[in-house]
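S.K.: Below is a structure I'd like to ask you about.
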Amino acid sequence: MPYVGVGAQKASTNLTGGPMMKAYAFVLAFFLLGLGVLALGKHHSGRRFNQYSKVSIDDIHETDAKTIQDNIKSENIKKYLRIFTQEPHIAGTDANKKVAYAIASAWTEAGLEDVHTLPYEVLLSYPDFENPNSVVIQNSAGKEIFRSKGVSPVIIPDEQSGKYAGHQWLAYGGNGTVSADVVYINRGNANDFKNLKLMGVDVKGKIALMRYGHGFRGDKVYKAQQAGAIGAILFSDTSDVAQDGVDSEHVYPKTIWMPNEGVQRGSLMHGDGDPLSPFYPSKKELFKGRTIEEAKDDGTLPSIPVLPVSYTTALQLLKRMSGRAVPSDWQGFVGGNLTYKLGPGFVNGEKLTINVHSELKTKRIRNVIGYIRGAEEPDRYIMLGNHFDAWVYGSIDPNSGTAVLAEVARAMMQTINETSWRPARTIVFNAWDAEEFGLIGSTEFVEEFVDVLQKRAVVYINMDCIQGNASLHVDTVPTLEHIAIEAAKHVPNPSKRERSRGRNTVYDTWMKVFPEKKAGRPKIRVPGGGSDHAPFLNFAGVPVINFNYKNYTTFDTYPLYHSMYETPFTNIHLMDTEDLAVHRAIGQYWAELAKTFADEVVLPMNTTNLASVMIKSYLPQLKASISGINVSRIDFESIRTQYALLSKSSQDLLVMSKKFQETMQFTFHSFSQNPYDAKHVNAVNERLISTERCFINPRGVSKHNPSARHVLFSVSDSDSYSNSLMAGIQNAIHSYETSPSKKNLREIINQISTVQYSVICVVNTLRDVI
C-alpha cells in the first residue's frame, strides 16, 4: 500500500461515509476482476463468462469441448450418410451437383454463415457407359475364348441399383483398342521396371499387367508408358483384398473383403489440379495455359488405354502367362497355388486385346464453403475439409467423412446456440469437388486464394474417409505433432472391447496399435499426397493434419476401396458395427482439434520439435543419401561442406526455438494479466503462422508437379501418394546419378542450400529483430 500522509489520514476518519464506501466497493470489484483475469489461463474465446466466477477459463474450455463432443450424434451421421450416397455421384455430373447442394442445405440448416459454392471449369474424363471396357482373349486361330464383362454385379439391390454404377473404368485412360503380348510387372514401381529389365523382359510394344498397392496407380501407368507399353491393366490381388479366401462366405457382403467381380476405380492423372491450368485457378474467364496434347506430351495425362479388372478376370490372364516364374516377392495369391509368370505373352499362341472407351470433357465443378465466424480474431482461419465426389456411391470414400463433417458443423452450432461459447477464431468448413480426379477442387481453391491463405490460414485439418475400425491414424508436420496427440487423449474410445481392456481414450488404442516405440508416442508420419491436405501444405505452406481411422494392415487401404460396394450397408454392418461409434469418435477428434486451434491464446505450434526432428531424423537421412553419390573426393567435399552449413543452421534453429519458447511463456503471462491487450499475442502468433511459409519455394521443387513447392515435405516424384523428404535434393541426386555432370552436381549443392535458406528464414522469423 502506498504511503499516506498524516493529513490525509485525518481527513479520512469517517470510514463509513458514502463516498468512501463507494471507493471500497470499486477497489473490491477491481480486485475480483483481477482474480477473474488471472484465471483466464491459456484459452480465449467469444464466451461471455461471469468475471466473479471461481471456475477457471480452462475449466470452461474443457466443459465447452465436452459439450461439443456430446452433441455429436451417431444417428445424425447415419442420416447424412444416406442423404449423400443415394446415387452414384462422379464429379461433373448432375448427381454430384445434387450432393453439393445437399451439403450446402445441411450446413445452412445447422446455422453456418455465408454458405456458398465456388465453381471451376476443369478437364474431367468419363467412360462410354453404354459400351463397357473389356479384356478379350483369342486363341491362335483368332476365336474369342474369353471376354470380361466390364461391369461389377449388383449385390444389395436396395443400395446399388443406380444406372451404370457397376462400370469398370479409370479416369484419363487413353481411348482405343490395342492387341499385344502381356508382361507382368508386379506393383509397377521404379524398382520393378528396373528388375524386369535385368531379367531380360522388354516392355516396349506390350500390355503391362500390374497389381494395385504400394504406390499411386497413375505413377504405375506413367512408368509403363515411359518404358514403351502400349496399354495397361491394373488388378487387385487376393493377397491384398481377399486374404481369407474368395468363396462367398469370406467376401462381401458377408465380410469386408472384395467380392470376385469387384474392381478399384480411380484417376491416372500424374499431378494435381486441373491439368490444363497449372499454377492458376481454372476459372471460366481465365486463359488455359496448357492444351490436352501438351498435357499428354509431358506425361500429365496418359495416352495409352488402361483399365481395371477384377481378380477373377486377372486369373484368366495369369494362368495363361508364359515365360519364367516371377521372383518370390512378386508372387500373389490369385488362383491359390498358381505360379505367376513374367511373360511376354500367353502359352499356346493366345492373344490379348483390351478395349477402352473414354472421353475427355470440360465440366463445371463446385466447392462448398461455410463459416463459423470468430469472436476475437475473425480473420484467422481454422480450416476443416473433406471431399464429396465419389467414383460410385462413396459411403466410405469420401462420404463417411462428408457425413461426419456435417455433424461437426451441426454440433458446434448447437453448442453456440445453447451456451455462450463462440470460437475466438473463424472455423471454415470446406467440401471439395473432383478430389478423385486429382485433388482438383482443393487445388484450384488454393491456387485462387493462396495469398489470402498465407496471410490468414492457421491450419488445415483434413479427413478424407474412415478406412477401418482399429485405431486413429495421423499424418502431420512436426510443429503440430504434440497437439494431434493431446487431442486424442480427450476423445473417448469408441470400441467396447478396447474400453474393457482399460484403453479408455482414442489415444490409448492409437498408442497400442501404431506405436513409435523409440519415441514413446504413437507413430506419426509426414503427410504425403492423395488427399486435399496436399495443396495446402505443398503449395501454400499451410500446416496440416490429415487423419482417419484404419486397420493395421500391410495393404495401402481397405479392400472395398473405390468399388461399387461402398454403400451404407458396408459402414453400418461391416466396418463400424457399434452404431457408427467410430464415425462419431472421428467427429469428436475433428471438433477437439478445431476448438483447440480456434481458442488457444497462443497457437499450439512447436518449432522446437521441428528443429529437433531436423537434427535427429531429417539430416541423418540426407547424409545417408549424399554418402551414396558416386563422385570424386573433391566434389564430395563440396557437397559435404554445404551439408555442414545446413546442419549449423538447423542447430541455430534449435537455439532460437528454445528462446522463442520463453517469449511464448511471457505472452501467456501477459495475457493472463491483461487479456484486453493482445499485442504480445498477435506478435507471437504472427511469427508462428509464418514459419511453415518459409519452406515454400516459389520456383517449385519438381519439374513434373507444379503444386510441389515445399522444400521439406513435397510429394514424391516417384509416388504421388508419398511424401519425399527434401524432394528438391532427392530429385537433383537422381538427375546426377542418371546423367553425371558438373551442372547436375552443382544442382545438388544448390538444393541443399535452398533448404538451408528456408531454415534460416524460420530463424529470422522467430527473432525479435532482424
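In case you wondered, yes, glycine gets a Cβ from its N, Cα and C as well.
Given the structure is predicted, the values throughout are model-derived calculations rather than measurements.
Annotations for this protein, taken from Swiss-Prot, read as follows:
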- 1-19: topological domain 'Cytoplasmic' (TOPO_DOM)
- 41-770: topological domain 'Extracellular' (TOPO_DOM)
- Asn175: N-linked glycosylation site (CARBOHYD)
- 282-597: region 'Catalytic' (REGION)
- Asn337: N-linked glycosylation site (CARBOHYD)
- Asp397, Glu436, His562: Zn(2+) 2 binding site (BINDING)
- Asn417: N-linked glycosylation site (CARBOHYD)
- Asn469: N-linked glycosylation site (CARBOHYD)
- Asn551: N-linked glycosylation site (CARBOHYD)
- Asn606: N-linked glycosylation site (CARBOHYD)
- Asn630: N-linked glycosylation site (CARBOHYD)
S.K.: Given the glycosylation sites Asn175, Asn417, Asn469, Asn551, Asn606, and counting only Cβ atoms in the protein chains shown, which has the most within 10 Å of its Cβ?
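M.R.: Top count of Cβ atoms within 10 Å goes to Asn469.
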S.K.: Let me spell it out: for each of the binding-site residues (Asp397, Glu436), count the other Cβ atoms within 10 Å of that residue's Cβ, using every protein chain shown. Which one has the most?
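M.R.: That would be Asp397, with the most Cβ atoms nearby.
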S.K.: Identify all same-chain residues not among Asp397, Glu436, His562 whose C-beta atom falls within 8 angstroms of the centroid of the Zn(2+) 2 site's C-beta atoms; report them in sequence order.
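M.R.: Everything else in range on the chain: Arg265, Gly266, Ala390, Trp391, Gly394, Pro398, Tyr561, Glu566.
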S.K.: Given a 10 Å Cβ-Cβ cut-off, pick out the one of the glycosylation sites Asn337, Asn630 that has the most other Cβ atoms nearby.
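M.R.: Of Asn337, Asn630, the one with the most crowded Cβ is Asn630.
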S.K.: What Cα-Cα separation, expressed in whole Å, is found between Glu436 (Zn(2+) 2 binding site) and Asn551 (N-linked glycosylation site)?
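M.R.: One finds 22 Å between the Cα atoms of these residues.
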S.K.: What three-state secondary structure does DSSP assign to Asn417 (N-linked glycosylation site)?
M.R.: helix
S.K.: What mean pLDDT score does the region 'Catalytic' (282-597) have in the model?
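M.R.: Its mean pLDDT is 97.
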S.K.: Measuring Cα to Cα, how far is Asn551 (N-linked glycosylation site) from Asp397 (Zn(2+) 2 binding site) in Å?
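M.R.: Checking the Cα atoms of Asn551 (N-linked glycosylation site) and Asp397 (Zn(2+) 2 binding site) gives a distance of 15 Å.
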S.K.: Spatially speaking, which of the glycosylation sites Asn175, Asn337, Asn417, Asn469 is closest to Asp397 (Zn(2+) 2 binding site)? Use C-alpha to C-alpha, please.
M.R.: Asn469
S.K.: Out of the glycosylation sites Asn337, Asn417, Asn469, Asn606, give me the one sitting nearest to His562 (Zn(2+) 2 binding site) by CA distance.
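M.R.: Nearest in space to His562 (Zn(2+) 2 binding site), counting only the glycosylation sites, is Asn469.
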S.K.: Spatially, which candidate from the glycosylation sites Asn417, Asn469, Asn606, Asn630 is nearest to Asn175 (N-linked glycosylation site), comparing Cα atoms?
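M.R.: Checked the glycosylation sites Asn417, Asn469, Asn606, Asn630; minimum Cα distance to Asn175 (N-linked glycosylation site) goes to Asn469.
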S.K.: Around the C-beta of His562 (Zn(2+) 2 binding site), how many further C-beta atoms are within 10 angstroms, looking at every protein chain?
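M.R.: Taking every protein chain into account, the count is 25.
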S.K.: Take the C-alpha atoms of Asn417 (N-linked glycosylation site) and Asn469 (N-linked glycosylation site) and report the distance between them in angstrom, rounded.
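M.R.: Cα-Cα, rounded: 32 Å.
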S.K.: Taking only the Cα atoms, work out how far Asn606 (N-linked glycosylation site) lies from Asn469 (N-linked glycosylation site), in Å, as a whole number.
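M.R.: With distance taken Cα to Cα, Asn469 (N-linked glycosylation site) is 30 Å from Asn606 (N-linked glycosylation site).
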